[in-house]
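Okay, so here's the structure we're looking at.
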Amino acid sequence: MKDKPLKLTVEKLVYGGYGFSRLNGKAVFVRFASPKELVEAKVVKEKKDYTEAVVTKVLISSPARRKAPCPYYGECGGCQIQHLNYEEQLRSKKDILLESLERIGKIKEVPYEGEIPSKKEFNYRVRVQFKIQENRVGFYRWDVKEVVDVEECLLAHERINELIPHIREVLKVIKDLQEVHVNYSPTRDEATLKFVTITHTDEKLLQNILENVLPEWVVGIGDYGKVGNSLVKRYKVGREHIFMDVGKWQYRVSNDSFFQVNYTLWEDFLKEVLDFSESYKKGLDLHCGVGFFTIPLSEQGNFIEGADANPSAIKDAEYNAKINNRDNVIFEEATAFKHLKRRIGEVINLVVVDPPRSGLLREERDLLLKNKPDKIVYISCNPTTFARDLKILTKGGYELKRLKLIDNFPQTYHIESIALLEVKD
């Protein structure tokens, strides 16, 4: 079967950006397919329960199919659904989200309120990680860890793309450069970089690169090494933070802290979370980062605590509370589990959770059900783990009251959503 081309009718798009089909009763996941198409595909992986394939020829095309604007699409692994027009991307993401909640979450009536589209289909990302391999600057292929050399990335902010020729110049003097991470502020026009290298880079050399090779809006570079899957900072030259502005709020964001990637939706995202949360007396913001939600939420309640396991993020969050003149918010360097455990027995009206793609840990779900806050605002970036968590939380006494999809990641399979859960009457 692996050498023989398959003829497949694609039923729908599924999480991961694959077209879903069946052949002789077996599930087939087809890369670069569109819903309702007839395609010819080549098998790339054969498993007992399913097959993975890639489109080689479109026999009957979907009206939603388009020529991908990016010349690297089909090689580069950064985008999965660029061959679909944006309307179809949103429709498919909505279908995947709702189907996940019904099938996995066992939620029969989903109070879905619609999608918030990105204000830009392209050039929306203000954080980018360039991979470097044999003088190629770009991103890994979708099928192997081989870097596709690019002149620009259509998802990256235009300013970030301006850095690519400068990175090529840096490669002439730092031969073992493996990655360059860019963190850019479109509201202040400033950026910090992480250089990930095998060996320690000379500090004077890095200072010279900052002053003479990179554009003046790059305000700092951190030198990092890899230890396992983690990055360890050796030292920095220049500043190690930039500032972002979202409406009236200011945020300091250090090189090791996280900030929302799609700058075109910052204000919308914040507005929706504030709207879902409403007023409260005491709140917790778990996975709080630099206080993106926590600090504005402090205006709507008497007191709120933010927790995050990242020490850099907590330092930024504490600084951000000061520059925004908020004195009813405190931050703690702790995992969500540890922070919740310390709050057992306390009356909590609101908990905001924004977990990684793996969703909430079992221990975190257990503590939420034990503490029973009046409201949980759940920000999800994975509909399958989100549905799993909702199934457990709704069985434990919560009801899903509101749900919206916010498309922070156009051209990719990633699905972000905001949900409100309240204790059942």
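Backbone N, Cα and C atoms are what each Cβ position is placed from, and that goes for glycine too.
According to Swiss-Prot, the protein has these features:
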type     : residues                    : note
ACT_SITE : Cys381                      : active site, nucleophile
BINDING  : Cys70, Cys76, Cys79, Cys153 : [4Fe-4S] cluster binding site
BINDING  : Gln260, Asp308, Asp354      : S-adenosyl-L-methionine binding site
DOMAIN   : 1-57                        : domain 'TRAM'
For this session: Over the span of the domain 'TRAM' (1-57), count residues by DSSP class, listing helix, strand and coil in order.
Result: 0 helix, 36 strand, 21 coil
For this session: For Cys381 (active site, nucleophile), name the DSSP secondary structure in the helix/strand/coil scheme.
Result: coil
Exercise. If you measure from the Cα of Asp308 (S-adenosyl-L-methionine binding site), which of the recorded positions Cys76, Cys79, Cys381 is the nearest?
Worked result: Cys381
For this session: Please report the DSSP secondary structure of Cys76 ([4Fe-4S] cluster binding site), reduced to three states.
Result: strand
For this session: Please report how many Å separate the Cα atom of the residue listed as 'active site, nucleophile' from that of Cys79 ([4Fe-4S] cluster binding site), as a whole number.
Result: 16
Problem set entry | Shell list (S-adenosyl-L-methionine; ref centroid = CB of Gln260, Asp308, Asp354; cutoff 8 A) | Phe258, His287, Cys288, Gly289, Val290, Phe292, Phe293, Ile379
For this session: Around the recorded [4Fe-4S] cluster site, report the further residues of that chain (criterion: Cβ within 8 Å of the mean position of the Cβ atoms of Cys70, Cys76, Cys79, Cys153; site residues excluded), sequence-ordered.
Result: Tyr72, Tyr73, Gly78, Gln82, Phe139, Val150, Leu154, Leu155, Gln411
Problem set entry | Candidate binding-site residues Cys70, Cys76, Cys79, Cys153, pick with smallest Cα gap to Asp354 (S-adenosyl-L-methionine binding site) | Cys79
For this session: To the nearest whole angstrom, state the Cα distance for the pair Cys153 ([4Fe-4S] cluster binding site) and Gln260 (S-adenosyl-L-methionine binding site).
Result: 18
For this session: Name, in the order they occur in the sequence, the residues of the same chain whose CB lies under 8 A from the CB of Gln260 (S-adenosyl-L-methionine binding site) and which sit 6 or more residues away.
Result: Trp266, Phe269, Phe292, Asn408
